[in-house]
Structure formats: structure tokens, C-alpha cells
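To keep things clear, I will list the structure first and then write my remarks on it.
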Amino acid sequence: MKGLYIKTYGCQMNVYDSILMENIVKPLGFNVVSDAEQADLVILNTCHIREKAAEKLYSELGRIHSSQKNKEMTIVVAGCVAQAEGEEVFRRAPFVDIVVGPQSIPALPELIVKASRSKGHVINTDFPEVAKFDKLPDECYGNSQGSSAFLAIQEGCDKFCTFCVVPYTRGAEYSRPVNEIFREALNLVKNGAKEITLLGQNVNAYHGECEGEVWDLGKLISHIAKIEKLERIRYTTSHPRDMHESLYLVHAEESKLMPFVHLPVQSGSNKILHAMNRKHTAEEYLGIIDRLRKLKPEIEFSSDFIVGFPGETEKDFEETMKLVEKVKYAQAYSFKYSPRPGTPGAERKDQVPEEVKTERLLRLQELISKQQLEFNQSMIGKTIPVLFSDKKGKHQNQIIGKSPYMQSVCVDDPDDKYKDKIVNVRILEARQNSLLGCAA
């Protein structure tokens, strides 16, 4: 067997795509290895959402090339950098053999064969008329991912936020048919999944076909929840514009749906939200939060924030801080604005100085960290259900699981009893990024 090494950068959709690529090349005689030096085929599945994420690719390529012992190794750059930069990847890293975009994954086996025969550069960054999900063989879907699994139900974006490359790298919004998703969910559960996270760039924009009808995300979740041995359902990433009635109601009514929503807002300033083309206001966003909390009092939230978008003033930034204070997030992710080539935001003349972005980011992260620690501390003394996988902790006999709120929970498991199980855990101690407890 030949060695396959895959390194994944970025979002959960990339993790899912890497699983698809692994499954689609295995029939060519590849088995996964843990080190690029042992590999005959190296795939770097990339992220282009920020400049730093893209530059990680070229750093890793340089490292692999400098330590390359196998002269027959095939190097593939996949994902959003591949889609956005195309031939530029070959210019910056001429030793790369294949560049393949996210929508061209079904062509990967053919590209590998072509590259081995031609010994030249091979590229496919097409947006085919037939969605990639419809072109991949059935055996690519539903294989074991352990006790927690990803399932892509929607891909692409029609929102065209002015800071974002996703519409250009992932294409227009596409929703997979209901029956196809349900079949994959059944297979995942059959192969050990107790939790499924439904994925999409705008997952709550889902509008999949089922026997002549169009289903939204709320209806899909209710349907998937009928799978008997499935115990937890999550979804990510959602957009405030796509919240709809059945999604609100399924949060209130379906116990398998976790009480945790990742709902990116990006800014608390209406002026900046308008400049970002978000097409919602801070007040509308807060209204969504309030309604979900009324329907499901134990629900908690995470979000994404961009600091220093062009034109952001101190007043605009303070409005973001006020929104964070109002919501009180369980966790949140924050980044300095990174101009992406080809996006309207990158063309603006009123870019915020780097030192101002850095200072604001530190202030925001301090507030977010404070809220996260307070939320974690609020769990002390409570007993919560924790899903464990095979992830080990820093200490001997320690295993790590996930709370309903995506917190890492560490417990001692000397007899290896908790792997792939949901266990009630009493929380004894809270840290910034984790909880410590014991089986109740």
C-alpha cells in the first residue's frame, strides 16, 4: 500500500472535504500515514479566509519539500487557496504537482493518474454544473468518523459579504437532497456516530428537495432526529438573515438538538454591518438571540467578530463591545480584518491602521475571554452530559469529551470505560478553555 498524508486547514467543511478526498483516493491503493515524510501522496487542504491562513500553506509546502525523501511523492494543494490562486500556486511552489478546487474533488483520482503519467503540473478549479456531492461514489459517504461526525448538507454562499472570499471559492449556494443526507446520517450512526454536526457555509439557508417539496433546516433536523441511536445534533455555520420559524421551533421542541448556536455577527455597528453587506442590523441580531433564549432558556451562543474593517471608528468598535456585553457569549472568535484580493473591502481606501486593529482586537479578546471564563465557572457543581471520543488528556488516564456547549471536559478514565459514550459528569473545576470533573 502507498502512504497518504492529509493536512487540513480552516473550517469544518474542509475537514469534511478531507474525509471525502481520503475515501476517494483509497481505491488507488493509498492508506493514511501520520507523517508527510512517509507519504507517496500529500494533500494540503487549504483555507483562504485570511492572509495568515493562506500563508501557512506556503510555509508547510517549504517544510515538506526541504525534508522530502521520496522523489516520487505527489503533492496536492486542495481547498480554497487552490481555487483562489490557481496557477499562482505553481509559480510560488513549482514542486507542487496538482492544484484542485473544492468543487473538483471528484476529479482527484483522475488528476493523480494524469500527474503520474505526465510528470507535469495538473490543475482543476472548475465549477461543474453537477454538484460535487452528486458526482462522488456512494462509498465516499457515511464511513466511520468516531462518536462525533460531520455531515455537509449545504455548500457555497450567495450573500457576498464585502470581506469574504467564500462565494468566489465555494460558489453559489447548493443544498443536498433530503434523502441523500438522511442516508448518510444513517450510515454514520451505523458506524458509531452518536453526534452529527450538519455543515454548510450558510447552513440555515438549507433548502433541500424531498419528493417534490422544499425542506428547510428546521424540518431536516426534525427528520434526522428520528434516527434511533443518534443522540446529539448540531449545525454550523448559520447566518442571521436565514433564521426561520421552523428552526426557532425545533430548538424549543427537539431535545437531541444541542442548546448551543454559533451565530456570527462580525460587528455591533450598524454602519459597519451595512458596509459589510450583512443585510441585518445589530438590533435584529439581538432580537434573534432574545427569541431563542425565550424558547430555550438554557441555550448559549458563540460568534465571529472582525475588528478593524475599513471605515471602523472607535465609536463603531465600542458598539461591538456593547453588543458582546449584552449577549454574554459562552465563547467567540475574533480576528483582525484581513483584506482578501478580489473582495470589495480590499478596494476601500479607508483601511484601518494595523496598530489600531491590534489594540482593538486585544480589548475585544479580553472581554470575550472574561465572559468565557465566567460561563465555564457557572458550570461548577452542575452535572452535565459529556460525549467522549478517543481524545486523551495531558495527564495519564485522562480522557477529553465535549459538553453540550462545546466545552472540553477532562475526567480520569483509568479503565477506558468512557470512550464513545455519553457520561453524566459532575463539574469540579473550571479553566479558561476547559472543565474538569468526575463521573456522576
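Cβ atoms are placed via backbone N, Cα and C, with glycine included.
Just so it is clear, the model here is predicted, and its values are computed rather than measured.
Annotated [4Fe-4S] cluster 1 binding in Swiss-Prot involves C47, C80 plus, out of the candidates C11, C140, the residue C11. C80 ([4Fe-4S] cluster 1 binding site) sits 12 Å from C164 ([4Fe-4S] cluster 2 binding site), taking the Cα positions as reference. Here the domain 'Radical SAM core' (143-374) returns a mean pLDDT of 97 for the predicted model.
Listed in sequence order, Y9, G10, C11, N14, A53, A54, G79, C80, V81 are the same-chain residues six or more apart from C47 ([4Fe-4S] cluster 1 binding site) with CB atoms under 8 A from its CB. Neighbour counts of Cβ atoms within 10 Å were compared for the binding-site residues C11, C161, and the top value is held by C161. Across the range of the domain 'MTTase N-terminal' (2-117), the DSSP-based residue counts are 64 helix, 25 strand, 27 coil. Around C80 ([4Fe-4S] cluster 1 binding site), taking its Cβ as the centre, 27 other Cβ atoms fall within 10 Å, counting all chains.
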